[in-house]
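Engineer: Heads up, here are the entries from TrEMBL:
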ACT_SITE  98  active site, proton donor
DISULFID  53-115  disulfide bond
DISULFID  221-253  disulfide bond
DOMAIN    53-75  domain 'Glycoside hydrolase family 19 catalytic'
DOMAIN    166-176  domain 'Glycoside hydrolase family 19 catalytic'
SIGNAL    1-29  signal peptide
């Protein structure tokens with residue numbers, strides 16, 4: 001092989017490698033990853049690996065992306081860049097509150113999401129106490145999530161706090177799934193939910209506030225202003241600002257009756 005030929009082969013190999021690298025980076029940037037990059041994820045959750053957080057090292061970016069890829073409509077199907085970004089801000093807003101290690105009233109209150117992976121006192125419906133980003137709670141939720149994901153979460157609920165991909169999957173499953181008379185959080189944030197007459201009578205209106213009602217309305221909704229609502233809204237607004245999305249309307253559930261009433 002001549003020197004010229006050798007150089008040509010080397011150049012061709014380098015060009016092919018470069019094309020593969022571009023293709024790989026492009027694939028990684030598709031879907032949710034095109035909005036929530038590794039850098040954005042780190043900026044949104046700057047203390048998730050803090051030594052003070054019991055979940056340090058658990059909630060990784062790769063686990064989030066792997067889980068999100070199992071739900072193709074999540075964070076991709078809003079119909080506009082604005083709604084896609086708003087959905088992701090809402091998801092992280094709610095889950096950051098569920099896992100917060102922040103101190104209410106502190107200057108960095110909304111920078112401590114994803115600090116916990118399990119309910120602190122493990123007292124709610126043991127062994128089906130809160131786990132993961134959405135704090136999946138209760139045997140019926142573990143059963144339904146496990147059925148949807150093809151996992152025995154009733155027999156092994158600790159999967160939700162030991163396998164980060166499973167943990168994120170349970171949160172996204174909950175987000176995407178309507179249950180009983182509750183719409184999915186996904187449909188609500190994208191403006192696809194139309195309140196029934198019963199919803200209207202109960203003060204349940206489209207917006208971020210009704211997502212709080214879906215997740216924890218029995219405790220936080222219909223009781224006036226409360227710190228938990230304020231925390232959820234604070235995280236949401238921070239992420240909307242970071243992602244360049246508007247907040248929408250009806251951010252709280254202070255005057256909404258919960259779905260069980």
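Yeah, the Cβs are placed from backbone N, Cα and C, and that goes for glycine too.
No curator has checked TrEMBL annotations; they are predicted automatically.
Set these features in their place in the structure for me.
Structural biologist: In sequence order, 130, 133, 134, 135, 215 are the residues of the chain that are 6 or more apart from residue 98 (active site, proton donor) and have a CB within less than 8 Å of its CB.
Here the Cβ of residue 115 (disulfide bond) has 22 other Cβ atoms within 10 Å, regardless of which shown protein chain they belong to.
In the shown protein chains, 29 other C-beta atoms lie within 10 A of the C-beta of residue 253 (disulfide bond).
Broken down with DSSP, the domain 'Glycoside hydrolase family 19 catalytic' (53-75) shows 8 helix, 0 strand, 15 coil.
Each residue in the domain 'Glycoside hydrolase family 19 catalytic' (166-176) has a pLDDT score, and their mean in this model is 98.
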Engineer: With DSSP helix as H/G/I and strand as E/B, how many residues of the domain 'Glycoside hydrolase family 19 catalytic' (166-176) fall in helix, strand and coil?
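Structural biologist: For the domain 'Glycoside hydrolase family 19 catalytic' (166-176), the helix, strand and coil counts are 11 helix, 0 strand, 0 coil.
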Engineer: Minimum Cβ neighbour count within 10 Å among the disulfide-bonded residues 53, 221: which residue?
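Structural biologist: Counting other Cβ atoms within 10 Å of each of the disulfide-bonded residues 53, 221 gives the minimum at 53.
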